[in-house]
Amino acid sequence: MEFLQNIKKNYDEWTRITPQGLLYDRALFWLFVILLLIGLVAVTSASIPYSSRLFNDPFYFAKRDAIYVLLSLLTCYISLQISSSQWEKWHAKIFLFSVILLLLVPFIGTSVNGAKRWISLGILNFQPAEFAKLALTCFLASYFTRRYDEVRSRHVSIFKPFIVMLVLGCFLLLQPDLGSTVVLFIIMSGMLFIVGAKILQFVGLIALGGILFVWLVLTASYRLKRFIGFLEPFKEPYGTGFQLTNSLIAFGRGEITGEGLGNSIQKLDYLPEAHTDFIMAIIGEEFGFIGILIVILLLGLLIFRAMKIGRESLMLEQRFRGFFALGIGFWIFFQGFVNLGMALGMLPTKGLTFPLVSYGGSSIIIMSATIGILLRIDHENRLFRIGQARLRDD
């Protein structure tokens, strides 16, 4: 009850202080909603054959995805109520909670396709790796705010964020989940670049990350086979290159305008994970190059808004808000880039979803939380500018 009263109090305060036209970033909100709806339509189409075969219900995954979309909107609204100062205050607790969740996975986790990465919560299999991305972004935003001058000047300070990232990464690699570990590394690297770490240190850190990545690929036979399959997918079209060859066939069939909604052939048990990791291949087949271009444009605009909000925060000397928003922007960009690159054969296949579009409750809900955070940061920036303007007028 107290929580609902706080929501009403905050809303009344916003509407009293801020003109209606300045409540929130409408462009960001509608980009978010449109991508969710595109994802719902695409998942419904892509999952019908798979749902029919497994559950004798063609809309099994579609109904679950619709529930995830509703939960995502609720999550976005709840995260919108939390001030950036609260996120900054809770950064250590959020990070610790993320570590605890990752520690629980080997003991109470649910195995899917041979990997134990999820914790069953009834209707939702929650993936702690998704929460870890948010936890790391929040933690580093607070760390860089507190140690801003130190990170820019001292040589060893750049490796402290790396150690923090490595803690989460080690737990993820036990699942195993190299893809999410790489996302954590990119979030950390992107934020270090924005903070202004010395270029030689930054390059050295990237080189260290690259060496570790190569070592992890070479020391795991299944990763090495997947990498070889990525280099020559048509050499073993029914083996290591099976997913990639069928993904490329889907894009090829779509051509410019696509085969039409529901007319995909590759989703008929030819392309594994059609409604999750390879949703963009089905969109390419059914809506063609134009459909893919529209989705990329929408996500690109959303990322641009995130970066713009981060930049405005830094210009207002609100470093935590700025680093948090920019970290989220790097996260969304890299995950979308890797998923699309994987589907197009530009990158090795990894279990990363396309933001807000692919089927996956954990990914959609956590991504929606980040949108709520961005909307809140943008709103606080607007209030801050209004306050500055009033001071100048006085």
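Even glycines carry a Cβ here, placed using N, Cα and C.
Going by Swiss-Prot, the topological domain containing F55 carries the same name as the one containing L347, and both residues are therefore on the same side of the membrane. Here the listed stretches are 28-48, 67-87, 94-114, 177-197, 278-298, and the one with the most C-beta pairs under 8 angstroms to the transmembrane segment (323-343) is 177-197. Segment contact holds for the transmembrane segment (67-87) and the transmembrane segment (121-141), given three or more CB pairs below 8 angstroms at sequence separation of 6 or more.
Touching of the transmembrane segment (354-374) and the transmembrane segment (121-141) is concluded from the presence of at least three CB pairs under 8 A, sequence neighbours closer than 6 excluded. Highest Cβ contact count with the transmembrane segment (278-298) among the listed stretches 28-48, 94-114, 177-197, 199-219 falls to 28-48 (criterion: pairs under 8 Å). Per-residue pLDDT, averaged across the topological domain 'Periplasmic' (220-277), gives 83.
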